[in-house]
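A short write-up of the structure that comes next.
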Amino acid sequence: MIEWIIRRSVANRFLVLMGALFLSIWGTWTIINTPVDALPDLSDVQVIIKTSYPGQAPQIVENQVTYPLTTTMLSVPGAKTVRGFSQFGDSYVYVIFEDGTDPYWARSRVLEYLNQVQGKLPAGVSAELGPDATGVGWIYEYALVDRSGKHDLADLRSLQDWFLKYELKTIPDVAEVASVGGVVKEYQVVIDPQRLAQYGISLAEVKSALDASNQEAGGSSIELAEAEYMVRASGYLQTLDDFNHIVLKASENGVPVYLRDVAKVQIGPEMRRGIAELNGEGEVAGGVVILRSGKNAREVIAAVKDKLETLKSSLPEGVEIVTTYDRSQLIDRAIDNLSGKLLEEFIVVAVVCALFLWHVRSALVAIISLPLGLCIAFIVMHFQGLNANIMSLGGIAIAVGAMVDAAIVMIENAHKRLEEWQHQHPDATLDNKTRWQVITDASVEVGPALFISLLIITLSFIPIFTLEGQEGRLFGPLAFTKTYAMAGAALLAIVVIPILMGYWIRGKIPPESSNPLNRFLIRVYHPLLLKVLHWPKTTLLVAALSVLTVLWPLNKVGGEFLPQINEGDLLYMPSTLPGISAAEAASMLQKTDKLIMSVPEVARVFGKTGKAETATDSAPLEMVETTIQLKPQEQWRPGMTMDKIIEELDNTVRLPGLANLWVPPIRNRIDMLSTGIKSPIGIKVSGTVLADIDAMAEQIEEVARTVPGVASALAERLEGGRYINVEINREKAARYGMTVADVQLFVTSAVGGAMVGETVEGIARYPINLRYPQSWRDSPQALRQLPILTPMKQQITLADVADIKVSTGPSMLKTENARPTSWIYIDARDRDMVSVVHDLQKAIAEKVQLKPGTSVAFSGQFELLERANHKLKLMVPMTLMIIFVLLYLAFRRVGEALLIISSVPFALVGGIWLLWWMGFHLSVATGTGFIALAGVAAEFGVVMLMYLRHAIEAVPSLNNPQTFSEQKLDEALYHGAVLRVRPKAMTVAVIIAGLLPILWGTGAGSEVMSRIAAPMIGGMITAPLLSLFIIPAAYKLMWLHRHRVRK
């Protein structure tokens, strides 16, 4: 089949070249127009349900809202995890779906089930779907600053809410623009309880009057002078004077009682659950641009910047927009870095080809397969919808060296055959027809084996395709692009390369012996191979012993899920204890931001505590997320690295009650979306009794702090909230004609504040809040004395119908699949994650006694690593079986297929030792490198075995037991190995040359790519030894055994 394709391609070379030209043009177009991003979209398919229940405590929110929602969502088809968050006034439910679920199908199914449960929610409470986005979509953040002092926080927040937000939402693929920080303006109706009692007016009557006085109505239309006039009756509250003139009732003598008679109306701040701060200089308002899932971040950010630049002239005097996070900077750095590495690889590979072949046009034949293979890969990427990012470009980068292997072997074989023809016909001139025949025969001779070897490299990545979840989405693009590049190279090797050789390998072909590099290789390899053939069993014994040496470095390298990617920015997310007030949170935020700004490498600090106004942010008030923008690396102090900056930041920011955590922004949001855990290692304690869960979590926290490598450990306190319980006495309430609902309504309105509508001021809307004065509700004793007007117009106090007690309770409730859960956040430093987790598991098993009904599970990145390892342990053996079948089909001998498969472990030895030497940990990235190495090692074995078989087949006497001799066998093996050392050395050299820029490179994405490249480069030391020495020795023993059997 392969032979037929080669011959037909050469026969129709004009059409093939036209096809290659078309591919190059099409590929160039796709390269220019392929969307770019820093990382693949790693988000799980997620639907968020947000429900506001203002003023309600977390336990009430959990019982009345979150629990009905989570238990219902467990039945949604395709849902794998349902997480619930109940906090003060808000419920968040995150429904995580199985991989491959269409996000809009998921939203429709959640909406369907939401309709079923809506009737079980409290009156007036409505659950809403969040945007079709996730926390990973936070691509651009900005702050509004007024350095002139003309505008306060309320003005800045109004500018954000009613101007900037709507302008930015018009940009395509912006799912949401979330406001954060500042102060929301609120009209506050502060009731005087004594005056209210004096006039005999209840709180409910005031609420009703406010609602009735803030409306507009239409009166249809009338016709005047042949024109139509529409009638409207204005009634919106727009000024404080409008509020003061609201009539509550009329006295017996007809004198009206106005709102101003019983209340003070003022403009003040709405209760805050989110605070923003800039550079330690004070509070600001800001916004977060959230990208719609699966869309092009770079294009959207560019559009956002253009829009903000346009809007600058419309801003009030003194107000400026300060960019506090811009993901496009990371995208540009990552793409520029990988594109530069690809160019470096192309140049180095070209130089290596020219040095070995000693013939410029022959080198060009090999080099041209690189851009053509790149075009093929990008064309398939375009149809699949893959964007260009660190991982997809990285797949092409690690394939570059192997892509030219087939071309190199074909060119070298063509050189050999042309040289032999000249030797056989010293007086003849090679005509065009004969040249094409020689080159076609040379291609056919090695083409099938080369195609199989490239197919093996392609199939070696099957285990990566089977990875699930976040790890599958991360490494899938790399596996796809490497596969496309290698498949393209395999196709080019049998279709285009033979034609290019026919056109370009012309003129005088320098003999191999004329190249000093080739002479040096033969001079070194010749005596060594003779010794190997003389002692083949000893050679195999040494190889087996060398494989055993990897046991020592394997015990030292440790393990992790992924190395931390340097995104150029940092996220400071300290864990704090619950129950902090808004004022204390703002003070703490400013202190930490000021300390962070003191580090010279920091350019800007945008601190946030609490949540932004979006369903994608469920942060409680005590949760800090500070975005740190670093200066360009060339402006750092000499010798500073990201690790050293983090260490200095950690030593600088030391405040009581804070457990520091420094993480990359994108990586952290991905982890929180996938597992819910913001730290690299997390432990989830689940159960039914909150006190038992809390006690166990605190025990685990104490145990974790004793484990080597644990930098910080903090357990969430479920019972850390402070409560004032109003325990209604039903019997006493009944004596005054009041029901439990009446008392609860009074507490909700007088203490919590009742929202009684909003003002309409152009496009702006501001809330109206009704409540008692602060002095009447600032202590338990004050609450007891709150006056109540009963339905029977009796004056009583709250203490007459309820007991007021101070207690503790949950500040926030988390559930996973409807089970209450407490999370312990653990940050590990100076030690690999796997070793830390193993010691943690051992320590918890020995020192923590599980309570009945509780369970402990490790989460975070460790959970992802365990899942990836489980999948790879299953799929790697299956892939080896597939490769074995291909080898059998190529050689038609079980022994030869087994020889190549069994020798692959020897090739991995160098990779493991290089990992240890460079201080890298085993991870999914290094595992990917080892899988790629195994494919290349199998290719080396196939090529060597092909040459050895050709050499032996050229000596017919070796197949005859009567004429067989070990000396003749050694001579044949010598010809197959030593005289073909050039192509084997070239394949090794181009792969190493292609990978070195990746290994030693810096910049965005280099952390992952260097760990993929390291095993491959280390393996390129032992894999050639496998090909050059072990396979000839083993093949000799196989032939000797075959000869004995024949005799």
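Just so you know, glycine gets a Cβ as well, placed from its N, Cα and C.
The transmembrane segment feature in Swiss-Prot is assigned to 14-34, 338-358, 363-383, 391-411, 446-466, 485-505, 532-552, 871-891, 898-918, 928-948, 985-1005, 1012-1032.
Tertiary neighbourhood of the transmembrane segment (446-466): same-chain residues 2-3, 6, 402, 405-406, 409-410, 413, 472, 475-476, 478-479, 482-483, 486-487, 489-490, 493-494, 498, 871-872, 874-876, 878-879, 882-883, 886-887, 889-890, 928, 931-932, 934-936, 938-939, 942-943, 946, selected by CB-CB distance under 8 Å and a gap of 6+ residues from either end.
Using the rule of three or more Cβ pairs under 8 Å, pairs at least 6 apart in sequence, the transmembrane segment (14-34) is in contact with the transmembrane segment (363-383).
Beyond the transmembrane segment (871-891), the same-chain residues lying 6 or more positions past its ends with a Cβ under 8 Å from any Cβ of the stretch are 448-449, 452, 455-456, 459-460, 462-463, 466-468, 897-898, 900-901, 927, 931, 938, 942, 945, 949. Tertiary neighbourhood of the transmembrane segment (985-1005): same-chain residues 38, 330, 333-334, 336-338, 341, 344-345, 348-349, 351-353, 356-357, 390, 394, 397-398, 400-402, 404-405, 408-409, 412, 521, 565-568, 936, 939-940, 943, 1012-1014, 1016-1017, 1020, 1023-1024, selected by CB-CB distance under 8 Å and a gap of 6+ residues from either end. Note: the stretches the transmembrane segment (363-383) and the transmembrane segment (1012-1032) are not in contact (fewer than 3 CB pairs below 8 A, sequence gap of 6 or more). Sequence-distant contacts of the transmembrane segment (391-411) (same chain, at least 6 residues past either end, Cβ-Cβ under 8 Å): 39-40, 335, 338-339, 341-342, 345-346, 349, 353, 356-357, 362, 365-367, 369-370, 373-374, 377, 381, 442-443, 446-447, 450-451, 453-454, 457, 474-475, 477-483, 485-486, 488-490, 492-493, 497-498, 501, 505, 929, 932, 935-936, 939, 943, 983, 986-987, 990-995, 998, 1005, 1008-1009, 1012-1013, 1016. Listed as Cβ neighbours of the transmembrane segment (898-918) (distance under 8 Å, sequence separation of 6 or more from its ends, same chain) are residues 543, 546-547, 549-550, 553-554, 556-557, 880, 883-884, 887, 926, 929-930, 933-934, 936-938, 940-942, 945, 1014-1023, 1025-1026, 1030-1031, 1034-1035, 1038. Listed by sequence, the residues of this chain that lie at least six past the ends of the transmembrane segment (1012-1032) yet keep a Cβ under 8 A from its Cβ atoms are 394, 398, 478, 525, 528-529, 532-533, 539-540, 543, 546, 899-900, 903, 906-915, 918, 920, 925-926, 928-930, 932-933, 936-937, 940-941, 943-945, 948, 973, 976-977, 981, 984-985, 988, 991-992, 995-996, 998-999. Residues 366-367, 370-371, 374, 390, 393-394, 396-397, 400-401, 404, 408, 411-412, 415, 510, 514-515, 517-518, 982, 985-986, 989-990, 993-994, 996-998, 1001, 1005, 1009 of the same chain sit 6 or more residues outside the transmembrane segment (338-358) yet have a Cβ under 8 Å from a Cβ within it. Cβ atoms under 8 Å from those of the transmembrane segment (928-948) belong to residues 398, 402, 405, 409, 446, 449-450, 452-454, 456-461, 463-464, 475, 478-479, 482, 876, 883, 887, 890-891, 896, 899-901, 903-904, 907-908, 911, 972-973, 976-977, 980, 983-984, 987-988, 991, 1011-1016, 1019-1020, 1023-1024, 1026-1028, 1031-1032, 1035 of the same chain, restricted to positions at least 6 beyond its ends.
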